[in-house]
Amino acid sequence: MTLAKRIVPALDIKNGRVVKGVNFVNLREVGDPVESAKAYQAAGADELVFLDITATLEERDTIMSVVDAVSREVFIPLTVGGGIRTTEDMGRLIKAGADKIFVNSEAVKNPALITDGAKIFGSQAIVGAIDAKWDESAGIYRVYVSGGSKPTSLDAIEWAFELVARGAGELLVTSMDADGTKKGYDIQLYDQLADAVNVPVVASGGAGSTQDFVNLFEKTKIDAALAASVFHFGEIKIPNLKRTLKDDGVEIRI
């Protein structure tokens, strides 16, 4: 049986509040994390992702207290990232109530963090996060770090392979070209990624309409679609989205 596709709201957290930027800048505050998480659970979200956007850029501590408060009220899986540098950081977040931990920039600097995290907590708890941007001159999707501000020499597809080989049980991949545009997911990127690895891939960046989700699931083998602003501002209602997907033949939990 095909695994049901997942709809995953993302909550970017700054100073304990939910915010959403366009292309990682121009932040706009949209609410309380616990209330937002409860509302998403009630609406039928399959999982939630939290990113502490202050952690990587300004060396802040991770969002332990937010995770603890949310996990007491919400029972769908929580994936948390931002500023995670050690397996001790991972352990503290898991103890606070996170089900999965995602690591982005630090995995590029220290790939053993993925290996060690998977050994200690299991692959199911470790998510490799990638910010990817098309590089026309090189003909590759290039990996960026530090909140999408610094290019690396890495090819995103090859890096995805390595993350999985090191023990990541899932990938969370953001298209920087599409992020914040509301013009649809980067079908080419996710088609390549979903074919390249044998773990679930969560697509992030570009959702602007219900049809964008339909296109993603119909044109790629992607497992989950992440979005933020279209959900935060009520532009797309999750129950309506799921009904449309189901009507279009997408395997989804209603």
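Each residue, glycine too, has its Cβ placed from N, Cα and C.
Marked as active site by Swiss-Prot: Asp12 (among others). Taking all protein chains in view, 23 other C-beta atoms sit within 10 angstroms of the C-beta of Asp12 (active site).
The feature active site is assigned by Swiss-Prot to Asp131 (among others), with sequence analysis given as support. Long-range Cβ proximity for Asp131 (active site), meaning a same-chain Cβ under 8 A and a gap of 6 or more residues, is found for Asn104, Val143, Tyr144, Val145, Gly147, Gly148, Thr174, Met176. Asp131 (active site) falls within a strand when secondary structure is assigned with DSSP.
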